[in-house]
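Have a look at the structure below, then the notes.
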Amino acid sequence: MNGAVGVVQMISNISDAAWLVNNATAGPYMAVVNTALFLDVIDLFMFMPNNVAGILVYQNGTARPKTFSQESTCPNEVSSDPVSQCPSSSGMSWNMGGTGLLRRNIPFPIFYLPQTRIEEIDKINNCFQRYNLDRANQNGKPLCSIQLKSRIVSLFRCFCLNTMHAHYPERYNLDRAYQNGRPLCSIQLKSFMFAAVNSEVCLRRSTTSALLTPTKVCDPLGDQNVYFSLFPRGKEILKNKPITLVTARIDTASLFDGLAPGAASSVVGMVTLLMSAVTLTKMMPVSDSHLYDSNVVWNLFNGETFDYIGSQRVAYEMKFGSWPSFAPLDSSDVKLHIELGQIGGSLNLYSENTSWPLYAYAADSYTPVTEFLNEMLMNAKQFNMTLLPVFTKNLPPSSLHSFRRILKNETENGELPEVLLVDYKDTFTNSYYESVFDDADNIGFVYRNISVGPDGQFVPTSDLLANGTMREWDVQVKISRLATALALTMYQRVAGKPYAADIAASAHLADEMLYCFLRSQACRLLLAADYATSAVEVPTASAPPLYVGVAALSNTPAIFAGHLLVLLAGTQLSLNKTACDSLDKPGFSYYWLRGWNHTGVCMQTTMNFTQAVSPAFLLQDYDMSSGMYSTWTESVWAAMWARVFVSGGGGGARVAACAGAAATLAAALLTYWLSKHADVLFKQPADSIVNDAASGRKNKFRRAARIGRVQRTALLKRANLKRY
Amino acid sequence: MTLAEFFSCSLLAFGAPLAMFALTIANDPVRIIIMIAAAFAWLLSFLVSSLVWFTVVPLRSHLAFGMVFAVIIQEAFRYGTYRLLRKTEAGLKEISENHNLSSNKMEMAYVSGLGFGTMSGAFALVNVLADSVGPGTLGLYSGTEFFFVTSAAMTLCMILLNTFWSIIFFSGLDDKNYLKVTWVIGSHFLVSGLSLLNRNQWYAATILPSYLVLLATAVIAFRSAGGTTKGLMQTLAARS
């Protein structure tokens, strides 16, 4: 309950770490290590954790480590299609730099201090290196000095200190050989998790209640998936058209609470999907839905980081024909499934360069797959983008694995036409996969802050390029072009003919969206997409953490994405709030949003949320050890904090113990001796018998003999009193 | 490491008083009653002192002001204890088992002094001890790790001083020897004043004179209780 306490050791190279685990004597230690070195030393600490109380990782300067990922080398390995292999036969893993800490039992706490809090590290370093010098300065006297002015004091100090050790060292923590028994700068890290053990145990414990007080020790992970269809679908709409399913993921993770930026891991894919959906709705308005015989469903999965929670739930419900609940579709309705995987990793590699090589992974070359690839290739080519098809059973980590595992035997012939768009081949281009460094800088995003027109008019990409606001190789331009290419391909699939007009995704919109998800939740788009309430609550100006969180609380990223679809891809109706709220047309939902003028707008949309909670928690008799579905839970935890202090060397304690024992023994002996010899020692004056201390059992007998005298004295005393 | 500090400091401050209690007081109920009564008297004195401190708002932050009043009020309560014990002496004798209670006027002084001192010691050190449990100790920016030891040593000194002061005080009042009473009050002021130096971390400047005063007070108490050099010599000679 007190947290981990350890002596500070700044780790500046690997030998420091080796010394710490092998030779250090005053342990346990709190290793303070920068991110660049973390990867090199963590294995050593994990291997020999006995002398390690905890690790404080800090980011120093803007220089980043070569790789930094706490995900395993084969993310979500156990939930992958059994056909796929990781590491592959060539020895390549998807996430080569991954330490896997996210999936391992770490025997000590690890805290992270970002660059913005570097002054804390300076304090610790100061304490580590020089506090002793400071102490001497503050006392204003050189130690063990022979200056006459303060001689007594100094001598006493010298005496005290010399009883403990021969020198009064200048730097305790630095003087490694003599660390034992000296005051040392220490850190306490507190991160208390309730007795969760594992999901099975903690869920059982959470259902029991001790003495009528319900105890909750963990919650299942989960949130909401975001569903959006090009044309309305529903139970009431009789003819359900065949579907092209386009998906991406929302969430990411990192080892540290509240820091899950996930730019390359998930945001680029999600933003591309959102923009593509918005663009396609503009190309094919809902009012034209009767003209077409097929439909597109866009879906954002949540909780994918933790063994594909969102996609497992969708695939599971699809298997029983119950997803989405308001308009169930059969797995055979899905003619093609396109997943936008991790596509942000190579953006930084191709900064200042217009090319952005993408790869399309497919397990089988079914007709819809090859058709899509051909069309997509054509559309990408007009933007100078390359798309290389890769046919392999060895699919990269993506939601496709869930569908392949759960729906394999459901469709006719076991056919699952699936394509995965990524920006890497064989191994991730993103070296910060699911880590704190997977932020805006990792994809080279620079916010342009261009004002949005009164009715949500975004400046077209061509204008931005023409007036020099953006350049061909900017992230925003690349993403908007990919979104346009995808929207064009979808148009072709639905309409059966190439698109002829000039609607395209705007790099300006990409700029705003990326800003919302990577820099600040208090952005124009999200302000306009929020519910129109009387009080405007401006969220904090920081990126929303994309960690999925527990199912009991809904997290912001899914809501943001959903509302953006409502605002940007919905149909605006000129109605007031009451009229808007009373609308109930099948296949649609209605939202009263703030709008661009902040006056409130009524939006009609097909967007909806579905639950992203693993099927494992729905099934009554699910075997937690079967590994069929994700069973991640989050332990209930107490607030985390850390503090730095100097822990005593034990000198004071030793002096106190010696002096205390001596004083007690002396007092006992003296008292005993005095009481034993009280008779002789204390010659009673005539008017008083004094017995400082006496009444041991032995004395009693002697006392009995003296009683006569005592009584006489008492009488005498009474006489005295009267005299007074 | 810090838990060791806690126990060591407790031992240093309360070990000696505990030994004295165990050997001389524990097996006589009446003495225990006297000791508890004296401890209660000290508590009352502390209550009054804190009321004074609380009432005089502008001087709250001045430690010396509160100290002066605390010393005066403590000595007043010591006098009150003296009056009380002298009044109840006969009654206590009646209920006492071995009926030798009245034989030792100074014994009652000793017992009440120990009670007085122990309670004052407990109040002086409990907060410090609670902090000493850990996890850290003093000294990130300033302060020495000998703060706890010093506090414990000072507490022990005050407990013993209170014991001896009571003996001298009671004997002084009995004999109308006001020099003794003056010594008690004077040395109380002196030692308390010295402890003010602790805030500058001049621990040696506090502890060494305090223990010198303790030594002097012990000798005076020994004499007040009827002890003589001759008797001491006799006992030592008898032993050898």
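One is the number of the first residue shown, and numbering goes on along the chain from there.
Cβ atoms are placed via backbone N, Cα and C, with glycine included.
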Ask   = Which one of these stretches, B:77-96, B:177-196, shows up in TrEMBL as transmembrane segment?
value = B:177-196
Note = Ranked by Cβ pairs within a distance under 8 Å of the transmembrane segment (B:6-25), the first of B:32-53, B:108-126, B:177-196, B:202-222 is B:108-126
Ask   = So which of B:32-53, B:177-196, B:202-222 is most in touch with the transmembrane segment (B:146-170), counting Cβ pairs under 8 Å?
value = B:202-222
Request  = Determine which residues of the chain contact the transmembrane segment (B:32-53) at the Cβ level, with the cut-off under 8 Å and only residues 6 or more beyond its ends counted.
outcome  = 21, 25-26, 59-60, 65-66, 69-70, 73-74, 76-78, 80-81, 84-85, 92, 108, 111-116, 118-120, 123, 166
